[in-house]
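Read the structure below first, then the notes.
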Amino acid sequence: LVFCSQGEWVWVDSDIGVPIGARVKETPSGRRFLVNDEGKEESLSPELEASVKIMHPTSVEGVDDMIKLGDMTEAGILRNLLLRHKQGLIYTYIGSVLVAVNPYQDYPMYSGDQLYQGRKLGELPPHIFAIAESCYTNMMRHHKNQCCIISGESGAGKTESTKLILQYFAAVSGGLSKQEIEHQILESNPILEAFGNAKTIRNDNSSRFGKYLEIFFNKDGVIEGARVEQYLLEKSRVCHQASEERNYHMLYCMLAGITAEEKRTLSLGDAKEYTFLSKGNCIVCDGRDDAKDYQRVLSAMKTLTFSESQCQEILKLLATILHLGNICFEANTQNNLETSDVSKTVHFNMAASLLEVNKSSLGTSLTHRSFRTNRESVTKPLSSEQASDCRDAFVKAIYNKLFIWIVGKINSIIYQRLIKNPKTSFLSIGLLDIFGFENFISNSFEQLCINFANEKLQQFFVGHIFKLEQKEYLKEDIVWKNIKFSDNQNILDLLAGKPCNLLALIDEESHFPKGSDVTMLNKMNKQHKKNKTYIASRSEHDTYFGIHHFAGVVYYDSKGFLEKNRDGISSDIIKMVEMSKNKLLRQIFENELSTNGLKAQGDNRKQVPTLSGQFRQSLDSLMKTLSACHPFFIRCFKPNNDKRSEVFDRELCMRQLRYSGMMDTIRIRRLGYPIRHTFAEFLKRYRVLLKTTDCNPKIVSLSNILTRYLYFNSSMTFGYFLLQVRGYRVRKDWKQKRGAVILLQAHTRGMLDRRVVGKMRKDVRYILKRSITPEPEEEIIPLKSEPVEEIIPPVSISTTPSQSEEDDDEFDDETEEFSFYKFSILHFQGSATHTHISKRLQQSLLHHDDEGDAACVSVNWIILRYMADLPEPKSADATSLASSTISRNVPNRRGRRLSNLVGLDQVTKYPYCSCHLHQPEDLTEDEGVLIGEGPRLQRPLTPVEKLNIIIGYALSRPNIRDEIYCQICKQLVRNNNRNSRMLGWTLLSICLGMFPPTDLFMKYLENFVRKGPNGYGTYCTERLRRINANGERKELPCWEELKAAKSKEPIEVSVTLMDDRTISLNIDSASTSAEVCQALATKIDLRDTYGFSLYISLYDKMWSLGSCGNHVLDAVSQCEQEMTRQGKQEKDTPWKLSIRKELFRPWHDCSKDSISTDLIYRQVIKGIKSGDYTSEKEDEYVHMAAQHYYIQFGSAFNKDNVQKVVDECIATQLIESKSMSKWIQLISTAVLQGPYANGNQRKESVKAELVDNAQQKWPLFFSKFYDVTMTSGPPLPKSRFFVAVNWSGVLFMDGRDKKLLDLPYIEIKEIVNTFVSFTPLLNILIEFFYLYSESYLSAQSVTMDTVRGEFVLASEEAADMAALIDEHLEGLRQYSVYAMAKQDVSKPEDSTFLVFKRGDLLLVERDEHSTNDSWVRATNQRTSNSGTVDKDTVKFLPTLSRPTEDILVVTFMCHTLWVTYDTLCVVLNYRTENETLAPLSLKEFALENFRLAGKDGSRPGPARGFGREKLWIHSREPLKQPLMKSLANNSELSSRACNYMGDYPIKHARSPMELTDQIFGPATQHEVLQDEIYCQIMRQMTGNQSRISLDRGWQLMWLITGLFPPSPGLMGHAQRFLETRPRNQLSNGCLQRLLAMRRKCPPHMVEVDAIQQNSAQIFHKIHFPNDSDDIFEVTSTTTNKDLCHGVASQLKLNSADGYGLYLKTPNKVGIVMTHDLCCAAKQEMPKYLRGYHNCSREDMITLGGLLFRVEVDSDRSQFVMIPRMLRQLVPADQIKSMSPEEWKKHIISSYNKQSGITVQEAKIAFLKAISTWPTFGCAFFEVKQSCEPSYPSTFLIAISKQGVSFIDPQTKELLVMHKFKNISEYYSKGSRFQMTVGTVMKNDFICETSQVRARLLISVLAKYFWEKKPIHIIL
């Protein structure tokens, strides 16, 4: 009986018949249930428990080699594949067999081919490269041919696996070869795939032919050639495709990729126009780019020396096939016979033209068939159906023979080197990529042949793996049970083995003239109906028969079998081909043609080989080839039929497992012995173990040695020894397990007893304490209006139990669907429960993918301290705090920024949030201290500080919010401490006002908080609803919130109106500015609320909160933070809320809402008084003052009232500048003489007039502002500016007063809000141009299409800006009465219709009561005629006033004619003075020196093709060929240029240094590339509308002009290019640098960093012997000599002779002339820690203390981490010389002795200590050698300025030291390094290391050997 405990894994029966894995979950009440691998739950009943089986530990986590599985079952294997598939591990071993599961996505795991080179199978994780390496190694070691058989269903990934293995062989061989044969072999793949692969319903790139690629190697392992064998191309696909399938790729690629001129020549159109391409109703294949693939095929053909004429001939034949497919046949009747004629169409004529035959000859050959009798030749007409079949046969023959010819052409190139040499002089590896097993809805003759081939391969696999294993074990007398496996010999007998087999019957019937598919099927049914493998037809009319294949039952449709098997074409077609002038057509049919014109194709006396016969012959040859090789197997699996990644169909994979033989493979391999030696090999390998020397097989016979020393005779077998070994192992294993069980039992019994005693003690304490402890009072936390720290006072820890069991039961209800208990069962990790604990968590409750979320364990510590479940730590040591770098930087401890509380070094600047975190905090094993929890968390914290830490973590890390809620809820369940419970509910209620949980926990939390005590249930439920509706907060809670949390009452705030009224409102933590505005509007009856926003002010500063989703209390919190920074109390923050008009609609109407108008009026008056609204005209102030007087006092004049008006609406500054009396006089005059003197106007209308005037006068003051960055658009002085959106339009502002651009709404065509994410451009130059725009474009952007060009503006508030502008545009169009005609309307039949021309301005009569929305009445402003107009014929203009003539012209040209920006500039006169100078382009230079546009190469003579593409103008398209003609003619340099021009897609963003190195690196080595880069840079800078991209271009220009100058031919053009662009600040500097000296390396990082900061100056620090230093400027062209003389001049030395510059330490990459101790320490530390130096234990302890101080500074809390940090403190080979605790004790002692020093001083002390060692400053290399027996096999080479030293790595003793004068020569090849010592008596020393380090060793040795200068190398 199996008992299943919590967390245990078991096997459970499933619906597919194979058990599935499941894990046991147990509730506290003892209820258990199972959660299986698919996530389904099932209750664990006693009956089910009796049927389950415990899972072996190897099946729980999975293994990489399934031989290691303990569960040797189908379920175990299937689950292992499932687990690895979920982990993204697609490869698994079964011994030497590799299982590859198709991931259906790209995996970045194929770049490390070198990792597997030289490694044995199993040393590294499973990989296809490991199989390839085993093939290669076995071939080289055993000199035997190898083969790799890749099998699996269609779509399992066989083709891709073949390509990967081929790439590996090419890479391994390519490192040894200087030939190009590897590249040619690789390039054959794209050609064969294009012509032989197609999309099927199961595979987008299914191989429709078999391919055996045999690769030949010479004795050195270098590829010498290859040969391709093809099998059974699926010809029928050319004419017929199933639904959702395509024809061969090449036909679609040709139509997508050829030029327009070639299409005209071949008379081709789109793919959908051709019958042969559209039968499957699938033209486009997702994920394939046919045009790009076509270019790839053309490139491959050129590599394989296909001539241009051959490529064109191939295209002609492909085009012929398409045209023939569109030919139709008309049925006729003649002499009572069905005849047919060819429809004379364009397709027929084109087909004849391309075949180069007469039309009549082609027509006759398709509609007639000739056959020979005994005496004469007879011609018979064909029916239309027969003619179509004849056409199809011809087309299939053309394509099949063309494919065979292409394969032959490829073989002639890649096999030509082997023809002259005998085949036996080479070794080979064969790769078999043949069609997988197929079972479609309708299976035909091709599927029968394909499945026959798969049966043969399955038998080969079975024979190799199973039968050979059994035979070997039986021979050795190994006792075992014969394992039953699936042998498919009976299927092969049915298909081709025994007499009268199926293929023989098909062939026999094919030779009968009257044979048909029906007669053939009847014969097969009659012959094989009793065969269990064969499934006969159900009836006489049924055309299907079935076969029980090894992979399952397949039903075949016999219709068309004989026709396909005969595989013949009529003699008339052959005659027509013979008359053709098409050379390629005749060449591919050469076997059918003879010198007399016709072979015996039509002669019935000779039997033509059938297709099945040819295929069987080829297959037999293939099997013989495979049998002669040592095979490796790769079994490809497809996880599902839908081609979806991360989906694993267990049932489908189970079927594949069963028929692939995997089960038996694993069982036999595990039971067997994969390593087998002959007696001779065994003796040679192990004779050294014998205690005698008399066992040399050269002297003593093998039989005597075996008998005398091994007690072995010829009659004994391996099975005898096997029994002895197995018995010993079993006995030893049993003893070990018995001892382990006894030990476990003893410990378990002790633990259980201690647990019982502990519980008894706890119960006694509980009873005693309850009897003496009084019940605490109800109110625990008194409400005080004191500082924040006292709102939630600290509470002492108490263990007083008071909560009843009934309260706990509410949270433990197992029946509730969304109980917290159920959530803990489903989602908590490990053994965590849902109940209260009194100690810190060791791991998070929930699983987190992000490692940084380990910080939630820190949060748990703070939560427990907040709820008084843990005591506050004592204050940190004062001395430690004083010396702590962190503590020295601590500001006021009462500050609320989280970074000040947790001691983290970095804080992310988050919008509106001051509480973001960066660093994770990892749990240690000692005392629960976290790394990062230094003095700041170890000190006592106030409740508010703890609260801010908890909430700060939640706001900065959204993915741990559920974790925080779960931790709080956990502490509230079964918490017997009332104080702790109340604090917990307070904490929970505050959190519920700050951030919502995720959807996963939402319903569970709702259910939890509903049960809260003392009113918390209702309060928390409402807060949860509100925060979930309004979204998370951005700031920490403010003082008012914390005060309200105790009373559970809303927060009362006062909002001030412009009329000085104050309105009281209730808000909560989730209240937004929109809600406050709406509530206020409801209270004061404000109807027109548009544009009114909530404002908050602090002292004299005021900012808008808008009327949107911004949280009000976030702004309050920001005000309190400002007070804290000023050192004041948060509760005293004098923040105020008010409501103001922020924005007008363009169609604002004051008459609609008098209250709105009054508020705006009072806002304007106060704004004028405060100076917010200013005017340059004095009259405007006077006029508004007069209006204000009339509104307040009417028309009656009173001087005192005038003075009141002056005081109320004239700014104090204006009064002081002009005097009060002057203003009284001016306003009095306006009142007495103005329009309001008569008093006839209503005050409300005057008030509205004043508001309208303010709207018109100050649009900028009533605007919404957005901070934007322009990433693309017409040139502006700045790319970073503000956008002001108001009623009049959109303004681009530089600061408050300077306008960059004013765009009325009528000039805006469209506004689009997009999330911009540019695809990385393939061209590396273009990528550099756009690299730094990502920071702007990764956010939301607005694309504003205007008459002045398209502006792309990036902003954090892009969506809001776009919505606002779009709202104004749409509203203006609705209110506008001005429309522009989009088309001409002339002479309508109905005279009521209006006549107009395109571009006419129409004045529309708006009728609000009209019921017809499609028609309006309008007046043509050009003709003054009126009439009815269809709305679809006009475009309403977004304007309320009549547009000017200029605007009308621009609008017409832009919206209707799509005129360019340059033309509009002429119309609008937008050009500035600085733009009058036309920038010069490279056009003149390009016409003479660039290649032809659109072509692959250049032609002699003048260029004529620039009309299609202007190669000298900016483009975002990647370059496929260099620009310069000179490079197009040089294949080697052309490929180099194309490399940096981006032949390959860029999947990952690259750093600036990577880009500049790739751009400029090749050019510094090849001078002819330099002009190419200049041209590409200037090309990208010509006509570039992106400001950011153009800035990057200028940076590149600055860098290149400091590297090398252009050639003389380009120099003048480059100078004029720069001279005509004087506005850029780098232009003049580039001109000066243009004639610089030539550099040898790409730009240094310092140069790149400087120019990115728009700085052309670079400074370096130079150190002098007297320990002083100074700063010197260095330019891109400064040489060592220049710098030396500059230093000497500044130091006033007489001469610089004898002085030199020494490079002390490299910094980053390249030369940096600084003496940086930090870098020096980083350089020497790895050498010390790798154990390269010889040092004493005392030295190691001293240095360990120094290194520990470098790591942690003065943070003594990290002492517990020393055992884990030993690899960072002690040399690796000395760590085990003492125990970790001993090291810890000694290092702490050394650390304490060094007390008081800084990190920098510790680094200096470290360097001083090791600088006295003789090996200090050496460059070390680990090498292997076998040439010198006195040296160890592995030792160190140390190179210093004294010479080359050999060091024993174990003892660190010096073996020998060779001075440079004694070294005569040295070199390296691959991983081999050789050095010759001595001049007369030379001694060669040879060793091996990695290729990279061998090259580095050579470079370092050369540096010392020739320069003899000391340097340091970082390794």
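Note: Cβ is positioned from N, Cα and C throughout, glycine not excepted.
Taken from TrEMBL as is:
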DOMAIN    61-738  domain 'Myosin motor'
BINDING   Gly152, Glu153, Ser154, Gly155, Ala156, Gly157, Lys158, Thr159  ATP binding site
REGION    619-641  region 'Actin-binding'
DOMAIN    836-1046  domain 'MyTH4'
DOMAIN    1051-1376  domain 'FERM'
DOMAIN    1374-1439  domain 'SH3'
DOMAIN    1514-1652  domain 'MyTH4'
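Taking the centroid of the Cβ atoms of Gly152, Glu153, Ser154, Gly155, Ala156, Gly157, Lys158, Thr159 as the ATP site, the other same-chain residues with Cβ within 8 Å of it are Asn102, Asn203, Gly436, Cys636, Lys638.
With DSSP classes pooled into helix, strand and coil, the tally for the domain 'MyTH4' (1514-1652) is 85 helix, 1 strand, 53 coil.
Here the domain 'SH3' (1374-1439) is broken down by DSSP into helix, strand and coil counts: 5 helix, 26 strand, 35 coil. Of all the Cβ atoms in the protein chains shown, 21 others lie within 10 Å of the Cβ of Ser154 (ATP binding site). Cβ neighbour count for Gly155 (ATP binding site): 23 (other Cβ atoms within 10 Å of its Cβ, all protein chains included). Here the domain 'Myosin motor' (61-738) has a mean pLDDT of 83 out of 100. All protein chains shown were included, and the count of other CB atoms within 10 Å of the CB of Lys158 (ATP binding site) stands at 27. The 10 Å shell around the Cβ of Gly157 (ATP binding site) contains 25 further Cβ atoms across the protein chains shown. Long-range C-beta contacts of Thr159 (ATP binding site), restricted to its own chain and to partners at least six residues apart, with a cutoff below 8 Å, comprise Glu193, Asn197, Asn205, Ser207, Asp433.
Under 8 Å, Cβ to Cβ, and six or more positions away along its own chain, Ala156 (ATP binding site) finds Ala100, Asn102, Gly436, Cys636, Phe637, Lys638, Gln656. For the region 'Actin-binding' (619-641), residue counts in helix, strand and coil come to 9 helix, 8 strand, 6 coil, using DSSP. Counting only same-chain residues six or more apart in sequence, the Cβ atoms lying under 8 angstroms from the Cβ of Glu153 (ATP binding site) belong to Arg202, Gly436, Phe437, Glu438, Ala551, Cys636, Phe637, Lys638, Gln656.
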